[in-house]
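*Asks:* So that we are looking at the same thing, I have put the structure below in structure tokens.
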């Protein structure tokens, strides 16, 4: 979807994640980035910024996510949950046999139970901190709560990621995607303790953040830069605003976005045009620096902030600190109470 079809960062309440008579699942749905900003900001620039690589990593990410979802459904084995079905209804799409979906009362996104997701590597504070299962910070971004969740995320990944990979190559975009996903998981774990989390929204917001910083650091080589900036800011603000609705985890979005934003300054700076054209210049022409001074400064500042941010956040997380104790207003990033809904148990 555009804004509404955005990335689903699914969060299920810890107290409801059991199966059978232990109660139902409650989903947190977060938005995937809007397909208007799907292409890189270079779309607004000159032809000299055209694609240079063939995209293969992003399609592989899509295949991997689909494969993991199929494995999750196989492990889930909905027809085997007899007690749960007696209380909540029957499996959906029974013709799929073992791969059929949980009853809609359990999971309205057409997917496995939260118990299965937890078993396969969903993000949960107690397991990450108390049981030292830090690998969940990475594995959770490959799991999806259902077909709707998976489809929205993969559609966003294809629209955003392929164009970026064509312009900057698989190494840089792969690093941004994975580190942004981890950054989103870390921030989410710092502020949310009563839910499990799956989904790639942190990684996808990281790609959006890198698009914005790439525009800033390469500002002088773009045409129509104001149009590009306004479009990106509009898309980003709309997506982040949706995150303040109930059952939407905005912390993963913000953490992924900030990580990707800093990585964009580090990995996506482009050489000046005069440097690229140096071979065609007359002999004896003084060589220009490959990058402008402000690009070097942004690179250094972003690298320091990124390393410091990860070190501080990980130390706080594994020491068991609660981010809400250090930021009294940050809970509003997760949900803003109104006359139409409450945020007490969100």
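A Cβ is built for glycine as well, from the same backbone N, Cα and C atoms used for every other residue.
From Swiss-Prot, for reference:
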- 201: active site, nucleophile (ACT_SITE)
- 253: active site, charge relay system (ACT_SITE)
- 9-28: compositional bias 'Basic and acidic residues' (COMPBIAS)
- 1-32: region 'Disordered' (REGION)
- 55-75: transmembrane segment (TRANSMEM)
- 141-161: transmembrane segment (TRANSMEM)
- 168-188: transmembrane segment (TRANSMEM)
- 196-216: transmembrane segment (TRANSMEM)
- 226-246: transmembrane segment (TRANSMEM)
- 248-268: transmembrane segment (TRANSMEM)
- 298-318: transmembrane segment (TRANSMEM)
*Asks:* Near the transmembrane segment (55-75), which same-chain residues lie under 8 Å Cβ to Cβ, leaving out any that are not at least 6 residues past its ends?
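*Replies:* Same-chain residues near the transmembrane segment (55-75) but 6 or more away: 96, 98-101, 111-112, 116-117, 119-120, 142-144, 147, 150, 153-154, 157-158, 161-162, 165-166, 170, 173-174, 177, 200.
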*Asks:* Please give the sequence-distant neighbours of the transmembrane segment (298-318): residues at least 6 beyond its ends with Cβ less than 8 Å from one of its Cβ atoms.
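*Replies:* Non-local partners: 128-129, 132, 134, 183, 186-187, 189-190, 213, 216-217, 258-259, 262-263, 265-266, 269, 291.
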*Asks:* May I ask for the residues of the chain that lie six or more residues beyond the transmembrane segment (168-188) and have a Cβ under 8 Å from a Cβ within it?
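*Replies:* Contacts with the transmembrane segment (168-188): 52-53, 55-58, 61, 123, 136-138, 140-141, 161, 197, 200-203, 205-207, 209-210, 249, 251-260, 263-264, 267-268, 309-310, 313-314, 317, 323.
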*Asks:* Find, among the active-site residues listed as 201, 253, the one whose Cβ has the highest number of other Cβ atoms within 10 Å in the structure shown.
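*Replies:* Output for this query is 201.
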*Asks:* Can you give me the Cα-Cα distance between the residue listed as 'active site, nucleophile' and residue 253 (active site, charge relay system) in Å, rounded to a whole number?
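*Replies:* The separation of the Cα atoms works out to 6 Å.
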